[in-house]
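Chemist: Have a look at this one.
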Amino acid sequence: MGSPLRFDGRVVLVTGAGAGLGRAYALAFAERGALVVVNDLGGDFKGVGKGSLAADKVVEEIRRRGGKAVANYDSVEEGEKVVKTALDAFGRIDVVVNNAGILRDRSFARISDEDWDIIHRVHLRGSFQVTRAAWEHMKKQKYGRIIMTSSASGIYGNFGQANYSAAKLGLLGLANSLAIEGRKSNIHCNTIAPNAGSRMTQTVMPEDLVEALKPEYVAPLVLWLCHESCEENGGLFEVGAGWIGKLRWERTLGAIVRQKNHPMTPEAVKANWKKICDFENASKPQSIQESTGSIIEVLSKIDSEGGVSANHTSRATSTATSGFAGAIGQKLPPFSYAYTELEAIMYALGVGASIKDPKDLKFIYEGSSDFSCLPTFGVIIGQKSMMGGGLAEIPGLSINFAKVLHGEQYLELYKPLPRAGKLKCEAVVADVLDKGSGVVIIMDVYSYSEKELICHNQFSLFLVGSGGFGGKRTSDKVKVAVAIPNRPPDAVLTDTTSLNQAALYRLSGDWNPLHIDPNFASLAGFDKPILHGLCTFGFSARRVLQQFADNDVSRFKAIKARFAKPVYPGQTLQTEMWKEGNRIHFQTKVQETGDIVISNAYVDLAPTSGTSAKTPSEGGKLQSTFVFEEIGRRLKDIGPEVVKKVNAVFEWHITKGGNIGAKWTIDLKSGSGKVYQGPAKGAADTTIILSDEDFMEVVLGKLDPQKAFFSGRLKARGNIMLSQKLQMILKDYAKL
């Protein structure tokens, strides 16, 4: 059974601990090392009277057994005072067991305002007050365990207990919300509905049954739910007589009873009543997101089908297998995506490129001599092809986008992305996998420039709750994630994301409101908008490229990553990297929490030698080559004269098709001057970037260099004023 569950050093507050269940909890916690605060007002089960005797007796009993405990005699309506006792005595608060309660049983017609109010004040408001007083302390220490006490009367209702039932079910709603709010701070909140003999149940249970339902048969569940190793959160449990059962909500598939552009009528409700109440193939929603998601799905069906009077969803089970199978191989409509340097720069800024790092300039300044698109900009191109609604139109796929998670991503580049261009994208459903709890749709997107394949994206999309249709679980078409090596990383780099990171990244085209709208994020179960997974993906890939390829985009071949947990803007990303040959394994963590957010990831790089897209020596016979060669020949005769006039070194970057095709240097500073292919051997005074075609236009006098500069066709850096002397060079010495 493993080692005993201990609570050494944990501070536990139990309300209503003077007798019955509360006493059993207090004794059990103390026996296992907890520091216990025994709260009890000292009144009877109707809430009448007060005194210190009940709490003192339990404290004394704990101390006799070698434990540590203090008493508190305040009403739970004064929660701050109750929690202060724990803080004053032990300096912290780890566990709150909201157990205090009273009864005022009356048939509904006989319940007075006082009967109603006092029940809610003690049970519901009292639990609220005590828990709220402990909440901030638990958040600061990143730990807390909370128990709310409901009852079978609250869950199912009971004659003569309308006031009590309402308060007890209210506690369940309170607990469910606290479970959601507290989980990021490691605060768990669960609800129990105990059946046990106590001061309260003596009035509603036979004496022999009260004796059989000992509090000691409930306490073990409470201790387990409050232990640091228990991950249960937001659960509801009935417990008694040594039996424990977990409860959950169940919902029929229901029926859509209205048509588009027609009023909904009670007659339609009546006609579909059997379907509405049919629990065959019932769903079991576990969150408000799942509940809301089904409503969104209904609205989509009404809008697309014009109205459904029958329960189409009920046919899903019998047709799911053939439906999903029919989706395999289906293609989305062809999609064209045009972009300029602006989109490439916007993306680079969105994934953390910055002027703080001079090496990033090539990704964020179009005038950089080696301006390049980050390789992972390719995911934006692939994603765009799926965002036009085509995915929802594929036969066999019924997609509720509120339940879609991005599971994994693969990107392969066949050549570096052009700095600007227009690509045609073709997307196809490569496979559909049944994972039980959901369906994985494998989408392949191929992007072409003319007929040349530029990149291949593979998106793994997980549809929550759509599994169990009997389909296959694996596929040879999936690009498989690979576990990281079992050794310390070879390199670790960190990036602190901005609070505006998601707002900036979404400008690249991912408009999902989950990443910007607090209300939408709340509906999805998050405290605030989260960062795009592909944004984190871009941060990590950029770091791998920088660390192991010196930002040479021509070496980037492929990347695969699995998305594990969300990131909040403002958190610090820690990319850990392992080099094994030309494969760089990596994982990404949130530094503040230690959570792994990208796992089983890798980047494949091309070998160092012979892999550049086109080096200067490979420039070949561009039109500009003849001009530079001619300038070189002329300098042999009149070089000293030109050097005296110019006294500068010019480095030229000649582009072709958006990429650098050749580099040339005209050295008019040393000796008799010289012209050679390649970058300047020393520091260049001026670097000039323009296309092969525009260079020829300048040489032929058809394009004024100044106008070319101000229109962006010619870019220069360094001592730009020296470029004015170029007209003399080109005009006088480059005539063909």
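Glycine is treated like the rest: Cβ placed from N, Cα and C.
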Chemist: Run through Lys415, Lys528, Lys565 and tell me the one Swiss-Prot describes as N6-acetyllysine.
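Modeler: The N6-acetyllysine feature in Swiss-Prot corresponds to Lys565.
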Chemist: According to Swiss-Prot, His406, Gly407, Lys435, Asp510, Trp511, Asn512, Pro513, Leu514, His515, Phe563 bind (3R)-3-hydroxydecanoyl-CoA; which one of Gly382, Gly533, Gly538 is annotated to that same site?
Modeler: Gly533
Chemist: Of the residues Ser287, Ser309, Ser314, give the one that Swiss-Prot describes as phosphoserine.
Modeler: Ser309
Chemist: Can you tell which of Ser52, Ser229, Ser354, Ser385 Swiss-Prot marks as phosphoserine?
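Modeler: Swiss-Prot annotates phosphoserine at Ser52; the rest carry no such entry.
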Chemist: To which of the binding-site residues Leu13, Ala28 does the lowest count of other Cβ atoms within 10 Å belong?
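Modeler: Each of the binding-site residues Leu13, Ala28 was scored by Cβ atoms within 10 Å; lowest is Ala28.
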Chemist: List only the single closest residue to Trp511 ((3R)-3-hydroxydecanoyl-CoA binding site), chosen from the recorded positions Ala28, Lys57, Ser165, Lys356 by CA-CA distance.
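Modeler: Result for Trp511 ((3R)-3-hydroxydecanoyl-CoA binding site): the nearest of the recorded positions is Lys356.
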Chemist: So which of the recorded positions is most packed in, judged by how many other Cβ atoms lie within 10 Å of its Cβ, out of Ser52, Ser165?
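Modeler: Counting Cβ neighbours within 10 Å, the top one is Ser165.
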Chemist: So which one is it: of the recorded positions Tyr164, Trp511, Phe563, which has the fewest other Cβ atoms within 10 Å?
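Modeler: Least crowded of the recorded positions Tyr164, Trp511, Phe563, by Cβ count within 10 Å, is Trp511.
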Chemist: Spatially, which candidate from the binding-site residues Ser151, Pro513, Phe563, Gln706 is nearest to Gly18 (NAD(+) binding site), comparing Cα atoms?
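Modeler: Nearest listed residue in space: Ser151.
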Chemist: Find the one among the recorded positions Arg23, Lys57, Lys68, Ser165, Gln706 whose C-alpha lies closest to that of His515 ((3R)-3-hydroxydecanoyl-CoA binding site).
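Modeler: Closest candidate to His515 ((3R)-3-hydroxydecanoyl-CoA binding site), judged by Cα separation, is Ser165.
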Chemist: Just name the winner among Lys356, Pro513, His515, Lys669 (the recorded positions) by count of other CB atoms within 10 A of its CB.
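Modeler: Compared across Lys356, Pro513, His515, Lys669, the most Cβ atoms within 10 Å surround His515.
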Chemist: What does the structure give for the C-alpha distance between Ser165 (NAD(+) binding site) and Ser151 (substrate binding site)? Integer Å is fine.
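Modeler: Ser151 (substrate binding site) has its Cα 8 Å from the Cα of Ser165 (NAD(+) binding site).
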Chemist: Give me the CA-CA distance between Lys707 (N6-acetyllysine) and Pro513 ((3R)-3-hydroxydecanoyl-CoA binding site), in Å, as a whole number.
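Modeler: Distance (Cα to Cα, whole Å): 43 Å.
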